[in-house]
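Record features, source TrEMBL:
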- Asp52, Asp54, Ser56, Phe58, Glu63: Ca(2+) 1 binding site (BINDING)
- Asp91, Asp93, Asp95, Glu102: Ca(2+) 2 binding site (BINDING)
- 39-74: domain 'EF-hand' (DOMAIN)
- 78-109: domain 'EF-hand' (DOMAIN)
Amino acid sequence: MALAGTLKEADITAALAACKAAESFKHKEFFAKVGLSAKSADDIKKAFGVIDQDQSGFIEEEELKLFLQNFSASARALTDAETKAFLKAGDIDGDGMIGIDEFASMVKA
């Protein structure tokens, strides 16, 4: 995975295990467990670039649904409820997408 170089494999495994069950994903806990919260602005920007799969400069709902799979190809997709809650938490300006500044704020919150 593209994020494996930035994050520790053991942290990724632990973070994914903690949200393996449907409806158990909590973005704040995930960012802390995976080690992203402690990373530099540059590393957070790199992570954003991986998650923004279409390179539009925004993370849209469909990309959020597949969020965990950016950390491991075998990870589950987020449920619709988790995806909507994640988007709502990050979409500060209400445009239906998460930009880099919004993502960075979410990771550091």
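The backbone N, Cα and C atoms fix where each Cβ goes, glycine too.
It should be emphasised that the depicted structure is a prediction, and the values quoted were computed from it without experimental measurement.
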Here the mean pLDDT of the domain 'EF-hand' (39-74) is 95
Given the Ca(2+) 1 site Asp52, Asp54, Ser56, Phe58, Glu63, its other Cβ neighbours within 8 Å of the Cβ centroid, in chain order, are Ile51, Gln53, Gln55, Gly57, Ile59, Glu60, Met97
Sequence-distant contacts of the domain 'EF-hand' (78-109), meaning Cβ under 8 Å and at least 6 residues beyond its ends, amount to 22-23, 25, 27-28, 31, 36-37, 39, 41, 44-45, 47-48, 51, 57-61, 64-68
Sequence-ordered list of residues in the chain of Asp95 (Ca(2+) 2 binding site) that lie 6 or more positions away and have a Cβ within less than 8 Å of its Cβ, or none, is none
As a whole number of Å, the Cα atom of Asp93 (Ca(2+) 2 binding site) is distant from the Cα atom of Phe58 (Ca(2+) 1 binding site) by 12
